[in-house]
């Protein structure tokens, strides 16, 4: 269970009292506030704060596009128009602040998205907890043989058992030694900033992460994607559920134009045009490489 | 008067109803919300939204610095510690969204601060208003003769009159021609995106500007400074008043460590040490250039 | 002619001597270095410096994707793969520094791209030149009646004459008054930082603009697009020619996947699939709004 | 030894041939190009590319400040002026690209500086090497008892031996298991993206890191500082040596105004003024907290 009784008590306290505000309020998001949504075996995501809602996106767009936006009859239509035409600045007018607990190797992928503000728990000043991510057996995937990026089938039997044993035992031993090294009982005690180097990449860390909606959607497009590593995708999926309740119009447009859409190249568009005219197009006549053609066919078959 | 009756009615409506929220609320900032603070002859600044308060800065710092921050007895002490040691990420956890109306030449200086989100009124799609900044007579400064950046005394008499007449007449004529060019009465009408090029840099524009507290304080340090151009400084001053009410501890620390403080070079520190030992130090013996020495003396004399 | 004899002499001097370097050199780009490419009536773009080439993109990709990238047979194939899968970081490993002279209203659009470094000529400290953009008659477009953004046909006859006269006369008069106001002959002289507010938005300014290749391509996608305003598009077009010579593989991939490609929504992809199965799809049965359908048809017809 | 024979051969090849260029060339930096400067037990830093030199900083400043900069007699004086007055944009006109090999826990600190471009070796696609950072005995510091951040004395005797044994043995065992888990001999083999989670934070990784000079100097100010963790400080120190040869004027100004300088608060400046007038100021009469006073005294005593 990811939350300690103290953490749960803190959340209950935070959720028990409201205050009046003149700011834009998203009822859907208020329902999520502070509540930790469990992810993986010990992780979570919870919303600490947010700014703006669907109406705030439109309000900013109307300042900047003026009359142009008045011809669009309503907020949903305007938001779809903005998303379709890559007008990103109105989406930047919303902001979210999340508290995330996650394994270090996931944090290392996540932080590559630079346009966000981060305050991470510091193992230089503080002592880490004895918590490690150990995959559930069904997520113990083999290396894919057809694809450099993906995963193959789940491991089974003795191989799976051995992997789980290694992950658990190595983490536990590393943590035992971490504690021994920093202990000040009958010894000086190694500096925390050094001792932490003994801990493996499945150790949990946590941070506050604040980002605007435009950059969040970009993150979600890459990380809620089927090609993303499972362990970060589950965080992205959890955040998607929050965003859907926070800014429902923006999220729906995002699903249609980004998540479910596809970028077709000039060559691919040309092939579509030829096919619609009845021509039989093959990889050889397409002008695409084998890899491109395979991806193109997957899009046409709805497997992209 | 900067606000039209419609705008004032809109503000009154926005301020008339509160909603409950579970988020952090800054009472000092709620009092500012939506209200347009007049700046220059037709400009204003108003807060549209904000995220976080002094406690939110501390909350983020405590996540990241852990035990280290617990030794600091209270929020104000912690915030002073963070400011003093240039720990910027906790301040990034607060965000503000402003609606600003400002002359174009001020907007051009302002936009050089890139770490912010902006939605500006578009003269490509919309028609600008007939509003220009005309300096008050006491701000009609002469070019400084001793300083490339600064202003000298205010112009007087016939010279001042002529400047004001030029500024007013040229702006009015340019706007008359702007309207004539885009008019579609008995003619095609020039595209707005072209006609706008006739308007001078004192034409008012407006935008939504969203920025985190760390970057806002950096902006204020540069623009509320006595060396900043008067026409942008008055906007910075207006924002300072809001920030002082929004995050009082952070603002006080900012005043002490940034606005009222000074960066001394290695050479300057060395001079201070020599002077404290009783040595008489002059520019010649200081190791500083004349410009540096003048600035150093100004700091020591409290004129920095 | 945009270049003064002094500027041309400076360019000739810069181009006359080479020095040896161990860095990556792009022969195609060396041919452009320092040479001012004229744009509009008084503007130009010239390359001051660059970092990296096609090979540098691949080198960075091979560090980060390791074995995965070795299966791609050659640099061009790898670059196409990176572009297709939105792997942006290898493209960030190239950098370019441009010197651009451009009208202020173009500069104001340009600066909205924030992920770049800029040093602009300061009218606070320096005196501007008497140079204004006056559109050629064929670019004196009417406001489009069907489209909020676009331009219609070129104005003709007396209407065109009057527009050109207004633009020229107002600019000249504003500049005369600018010079009179800052003059220190027999008067104090208005501060430059104030006098500049009298100048119109077609006044030329100049800046150094430095940006990485990924962000440059994003800029070019938006600004070399047929929907961009003509006056910024000509700058983007000029830069495209340089990029094509600098990183030919990357530029070709950009043309295929970005400039000539299109993002299709989930709904649009579904329509394509239905059409390929022989179904007759209309706007009514498409699930798209009228605007979306019109844009979708333009893509299928190759007019996107 | 950090470099393999293959890597050394690659460097030798890269350094053996120069090409002519029209760009700005820094002779001091050419001498560093490609050569790996060893850091820690298996790490290194090497320059892959650079853009600009001291003259390029001045060139950009002269575009933007115009006449103002002409009154400064020479490049060094201008650069000192820019540094002193926090004019950061001219320094952004230089860029550097480094190849760095470093332990993961150092990489995690480093990446917090977001204004840079990064391509990191991917343990998702590639197999990591069996290389770990093991501190030299003299850097095996105890946790400081007086300071949350710092380190105390080096551990000695049996305690030091045990720490080194733990670090070595745990890393080796973890790597043995990593290799076993991904092995495809007689088993499926765990996905690399999962197996990596077993490796400790002292495992070496590598990346290409590209940053402009302004942001690099900011990084160096924080990381070459005596309060920075030793393991990142040695990288910062190595980079400082390169920068000193690349842009000697800028580096000297940086040393004087940033590294060797200090920011004094309003309260601290007031104390200096009182002390210069002969007043005896103590912590009690200073208006500072104990921590501030201790830091202030350290600055005055030249221990800051």
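Just so you know, glycine gets a Cβ as well, placed from its N, Cα and C.
Features as listed in TrEMBL:
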type     : residues                                                                    : note
REGION   : A:1-20                                                                      : region 'Disordered'
BINDING  : A:89, A:112, A:113, A:114, A:120, A:212, A:213, A:214, A:218                : FAD binding site
BINDING  : A:109, A:110, A:111, A:112, A:120, A:121, A:122, A:123, A:124, A:196, A:223 : dUMP binding site
ACT_SITE : A:223                                                                       : active site, involved in ionization of N3 of dUMP, leading to its activation
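Where TrEMBL records a feature, it is marked here on the structure.
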residue	record	CB count, 10 Å
A:89	FAD binding site	21
A:109	dUMP binding site	19
A:111	dUMP binding site	19
A:113	FAD binding site	17
A:120	FAD binding site	19
A:122	dUMP binding site	22
A:124	dUMP binding site	19
A:213	FAD binding site	26
A:218	FAD binding site	19
A:223	dUMP binding site	22
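Here the binding residues for dUMP are A:109, A:110, A:111, A:112, A:120, A:121, A:122, A:123, A:124, A:196, A:223. Their largest Cα to Cα distance works out to 29 Å.
The binding-site residues recorded for this entry are A:122, A:124, A:223, and the Cα of A:223 lies nearest to that of residue A:113 (FAD binding site).
Between the CA atoms of residue A:122 (dUMP binding site) and residue A:218 (FAD binding site) there is a gap of 27 Å. The CA atom of residue A:218 (FAD binding site) is located 13 Å away from the CA atom of residue A:111 (dUMP binding site). Taken over all pairs of the listed FAD-binding residues (A:89, A:112, A:113, A:114, A:120, A:212, A:213, A:214, A:218), the Cα spread reaches a maximum of 27 Å, rounded to the nearest whole number. Here the binding-site residues are A:89, A:109, A:113, A:120, A:213, and the ones sitting under 8 angstroms from chain B, going by CB atoms, are A:89, A:120. Proximity to chain D (Cβ-Cβ distance under 8 Å) holds for the following binding-site residues out of A:89, A:111, A:113, A:124, A:213, A:218: A:111, A:124.
Across the region 'Disordered' (A:1-20), the DSSP tally of helix, strand and coil residues reads 12 helix, 2 strand, 6 coil. On a Cα basis, residue A:109 (dUMP binding site) lies 14 Å away from residue A:120 (FAD binding site). In this structure the C-alpha atoms belonging to residue A:124 (dUMP binding site) and residue A:213 (FAD binding site) are separated by 31 Å.
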